[in-house]
Amino acid sequence: MVGRVVILFDVLIFLIVSVLAGLMTFNQLGIKPTINGFFCRDGNLMYPYRSSSVPANIVAFLFVVIPFVLMTVIEAIRHYHFRPRETGWNCGWYSGTCYKTAGIFLFGMSVTVLLGEITKLAVGRLRPHFLDVCRPDYNKTNCITDNISVYLDVGDQHCQGNEASLLADARKSFPSIHAAMAFYAVLYLNIYLQVRLKWRKVMLLRPAIQALYIGSAIYIGCLGVADHRHYWSDVIGGALLGAVVAILSVCFVSTLLDNWIRQDKLCNTQRDTSIQRNTYYREITIENDNAKRVPLLVF
């Protein structure tokens with residue numbers, strides 16, 4: 001009974017964090033980003049507006065859905081392979097392992113998105129295409145066209161662009177949420193595969209998946225800069241955010257490393273036991289001495 005209450009409490013926390021992250025992502029809470037000004041004719045803000053080359057739903061599919069499905073499939077294979085042959089499928093055991101691995105992955109992803117959106121609103125950094133979206137009316141300001149040293153501390157009321165959603169999004173450059181999601185998924189998934197995927201017959205499967213996801217995360221980060229939606233510092237900041245949340249999730253929330261440490265201790269114990277047996281039973285007969293036992297270690 002207590003275990004079920006704890007699980008329900010965890011599910012409630014996960015739902016709260018996920019809903020908050022979703023509402024903030026789609027600007028449904030009415031919270032506006034910090035209004036920062038800009039320098040007249042700032043070249044860093046004069047890039048043309050482009051929609052993202054990789055839509056958000058594709059990023060979510062690549063770095064949320066696929067890793068989640070992959071973890072559940074691997075856990076199912078492990079359960080089928082390691083369960084006692086005389087017993088059937090244990091739904092409770094399988095659900096528990098998925099909850100401690102794939103479930104923690106989803107929770108960490110929600111935390112990553114939530115922290116990223118909070119940081120975006122707090123910082124309010126202007127995107128590289130801000131001036132193209134804002135189209136400020138310089139006649140209403142003291143901005144001199146040929147002087148980039150004049151700082152305009154003005155809000156959206158001086159923008160001729162009338163799309164409120166685009167204007168709000170143009171003030172949320174730092175950090176890159178796509179980079180944060182990608183690098184969180186890459187780090188968590190790579191650690192998971194290193195710990196849980198033990199298929200020695202196909203030795204290159206695990207590193208191939210790991211390398212593929214590392215390359216995908218780097219590609220997503222580079223596209224944010226190429227599409228004039230982020231600066232390099234935005235991508236690096238997002239990557240660091242995702243990496244930190246992934247490390248904290250693996251080390252302090254999930255049980256991945258605990259199981260790995262126990263497996264290593266078990267392997268070392270079995271290896272030491274095998275060495276002791278070899279030491280005890282191996283002997284060399286020395287002709288000039290009475291057949292005495294001489295320990296011989298073979299590694």
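Note: Cβ is positioned from N, Cα and C throughout, glycine not excepted.
TrEMBL annotations: computationally assigned, not manually curated.
The feature domain 'Phosphatidic acid phosphatase type 2/haloperoxidase' is assigned by TrEMBL to 102-250. TrEMBL lists 7-26, 54-77, 98-118, 176-195, 207-226, 238-261 with the feature transmembrane segment.
Within the chain carrying the transmembrane segment (207-226), a Cβ under 8 angstroms from the stretch's Cβ atoms is held by residues 52-54, 59, 62-63, 67, 70, 176, 178-179, 182-183, 185-186, 189-190, 193-194, 232, 234-235, 238-239, all 6 or more beyond its ends. Tertiary proximity for the transmembrane segment (54-77) is limited to same-chain residues at least six positions away from its ends with a CB under 8 Å from its CB atoms, namely 94, 97-98, 101-102, 105-106, 109, 178, 181-182, 184-186, 188-189, 192-193, 196-197, 209, 213, 216-217, 220, 223. Note on the domain 'Phosphatidic acid phosphatase type 2/haloperoxidase' (102-250): its mean pLDDT in the predicted model is 90. Note on the transmembrane segment (98-118): residues 7, 13-14, 17-18, 20-21, 24-25, 63-64, 67-68, 71-72, 75, 175, 177, 180-181, 184-185, 188-189, 192, 196, 238, 241-242, 245-246, 248-249, 253-256 of its chain, located 6 or more positions outside it, place their CB under 8 angstroms from a CB of the stretch. Taking H, G and I as helix, E and B as strand and the rest as coil, DSSP gives the domain 'Phosphatidic acid phosphatase type 2/haloperoxidase' (102-250) the counts 100 helix, 4 strand, 45 coil.
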